[in-house]
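Record features, source Swiss-Prot:
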- L7, A8, G9, G10, G81, S82, D83, R84, N85, D86, T87: CTP binding site (BINDING)
- R14: site 'Transition state stabilizer' (SITE)
- K22: site 'Transition state stabilizer' (SITE)
- R160: site 'Positions ribitol 5-phosphate for the nucleophilic attack' (SITE)
- K217: site 'Positions ribitol 5-phosphate for the nucleophilic attack' (SITE)
Amino acid sequence: MKYAGILAGGIGSRMGNVPLPKQFLDLDNKPILIHTLEKFILINDFEKIIIATPQQWMTHTKDTLRKFKISDERIEVIQGGSDRNDTIMNIVKHIESTNGINDDDVIVTHDAVRPFLTHRIIKENIQAALEYGAVDTVIDAIDTIVTSKDDQTIDAIPVRNEMYQGQTPQSFNINLLKESYAQLSDEQKSILSDACKIIVETNKPVRLVKGELYNIKVTTPYDLKVANAIIRGGIADD
């Protein structure tokens with residue numbers, strides 16, 4: 001089976017003085033979360049579409065779904081975790097407790113605040129996860145990347161045509177993800193900022209799927225302005 005996990009755990013600290021977490025902020029007259037969710041509802045492959053959100057925002061999430069007449073029976077709202085990867089594993093535990101997990105089950109995880117993903121990106125994630133077990137959505141790095149350990153001087157300048165910028169979805173064979181996460185130490189888990197690194201840290205390959213430049217993550221006031229411009233310009237019509 002195929003599952004979607006929408007990560008709505010952010011509290012929007014980088015968005016500044018706003019009354020709601022960023023996933024509930026208005027974008028073209030409806031919350032960012034609703035834009036994102038609508039993309040997944042259009043994909044019939046999913047057995048469940050699971051939204052993971054902080055406990056204190058679960059009721060608000062359900063109220064928002066009702067307000068915007070989102071009634072797809074596949075949608076479930078659960079409590080997120082203490083961080084990104086803990087939230088993903090909470091979704092996995094929920095799937096296991098309600099449906100069980102088969103060897104070929106996959107999960108497509110996606111940031112709630114990336115509302116411009118496309119049908120193509122979702123379908124290619126599903127297919128790549130079924131074929132390869134783990135997949136990351138990326139775009140080519142446009143700018144030269146430099147690394148610095150002291151925040152003062154350059155340590156290295158990697159070859160740009162080998163660099164990519166990570167997006168979401170990130171998709172996995174569920175058993176592979178569970179087994180890989182269980183192999184990590186508590187220290188490794190504490191510094192993870194990316195789900196695909198769970199797989200990389202256990203020396204397993206992660207397939208790349210090409211994203212889109214406009215598949216942005218809305219985390220700052222500037223991002224919100226860009227997102228509104230994308231909608232007004234009709235850039236992301238897929």
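Positions of Cβ are set from backbone N, Cα and C atoms, glycine also.
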Pick out which of the recorded sites K22, R160, K217 has the most other Cβ atoms within 10 Å of its own Cβ.
K22
For each of the binding-site residues (L7, G9, G81, D83, N85), count the other CB atoms lying within 10 A of its CB, then report the residue with the highest count.
L7
